[in-house]
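Record features (TrEMBL):
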COMPBIAS  95-105  compositional bias 'Acidic residues'
COMPBIAS  136-146  compositional bias 'Low complexity'
DOMAIN    1-61  domain 'SH3'
DOMAIN    199-309  domain 'PX'
REGION    81-147  region 'Disordered'
Amino acid sequence: MALKARVLYDFHSENPGEISISENEVVTLYSEKELDGWLEGENSRGETGLLPASYVEIIRNHLTSSNNGFSVSKPNTQAYTSSDALEGFPTGQGSDEDWDDEWDDSSPATNAPRGLGGVPPLYPVTSSLPGRRDSSQQQHQAKSSATVGRNLNRFSTFVKSGGEAFLLGEASAFVKDGDRICVALGKHGPEWQENPYPFTCTIDDPTKQTKFKGMKSYMSYGLTPTHTSVQVNRRYKHFDWLYARLVERFPVISVPHLPEKQATGRFEEDFIAKRRKGLIWWMNHMTSHPVLARCDVFQHFLICGADEKAWKQGKRKAEKDELVGANFFLTISTPSVPLDLQEVESKIEGFKTFTKKMDENIVIVNTTINEFARKQAIGFKKEYQKVGQSFKLLAQAFELDQQAYSAGLNRAMADTGDAYEAIGEYFAEQPRQDLDPISDLLDFYRGHLANFPDIVHVQKGALTKVKDCPKQESELHDRCNIISCATLAEIQHFHRTRIRDFRSQMQHHLRQQISFFQKITTKLQETLQKYDVDQ
């Protein structure tokens, strides 16, 4: 039976087999079964093909009543509990199959990104950002995708993340010393305790692998962490599984989004290169996070190599982790001096304003530089080539004079034409060096910003609960302090990494720009010297 779904965001097809959809459009889905984050369906114009699953919301549980002969569809507004949501959400727990046997790149994404606490969020969250959009679409998103405030029920995330259960003293779990997460009081407020054993991890160019006698193909990435110097091989599905575990485990930590999924063209060179760059960004943020880098499931992902038995044991352990939801907050150790909750609220409101404005302006910057890159690659190149060709035509005309003493000028004129054509090529190639990296960074940070509404809602829910229950204020205040410390520590880490990343990327951009114009200057100087030759 076909399903109806409402479109949440505009999507413009970029590859064969995809269809374009518009916000608020009602589309028909042939199945709920996802293929690497894509669904098959039909839009209102009768076009059939693939569309991104995260861009639509299935219309469910409609009650039909008769009103003067017309059918009136009413959505089921009954709230669902965490356990209800979990019953319908596949986790793959208890699987005895090897990773590569259990998952392949052509199978449905059974471990798609979740909302906080491991349940579906009230609005779609995807582990990837959409590909480059046109200007009109990005401008639309600047207005409609404000980072904070998209969740209509401001307490839903608070409940599903386990915040309410923890605040009411219902959390219970044994916390080992190795699982404890310390929040220190730094110069600018709460911050995560630094990782005493920092490390990085490189990701090699992927190689294409096959299984089932060549029937299935996938890309394998070689990961080499510096603290072991031993390479392990991972597929994108493995990253996706890890991402789902981390989102479930850390409700007040912004787990970076993975690069996009794609149903078609997964083995094309450009897509593979872009995905690898995205995974490198992802890995750099993971290894630099004081909490995520030390997490046992992440360490298992990096360290466990060819030992199949050890891998399966670690996988089962991660999928049965008890320190999720409300129990996660039991792992946090805070400074002895409690925070002023009024000051905390003020800081959170300030951060909401900041993230909203940053999100809006990221779209503007991305639209601007993508348009500029397009002009360089097409317009500038074409105009410089036209100038170069005109100089060469003039040189050909000069050659008709058949005067020996004009040969030097004729060659110099022709070389000038070649120089301008070469400069046109320089402009076409340059965006890959200086503008595309900025665009990649902006896309990556939009993923980060999309995580913070849920994180903020957890903390805001705790503050509201304290205000609404004055009789239990002392106990609630202590637990709210834990949530507040963790939230502010994550905000502090976000700002530090943001400053580091944008400073580094802008320095790279300007160095590339300087090198680019020096290259043009050198080319023109070489051409100028050719006019000093008489013959």
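Any Cβ shown, glycine's included, is placed from N, Cα and C.
Nobody curates TrEMBL annotations by hand; they come from automatic prediction.
As a summary of secondary structure, the domain 'PX' (199-309) carries 47 helix, 21 strand, 43 coil according to DSSP. As a whole-number mean, the pLDDT of the domain 'SH3' (1-61) in this prediction is 84. Counted with DSSP, the domain 'SH3' (1-61) comes out as 3 helix, 26 strand, 32 coil.
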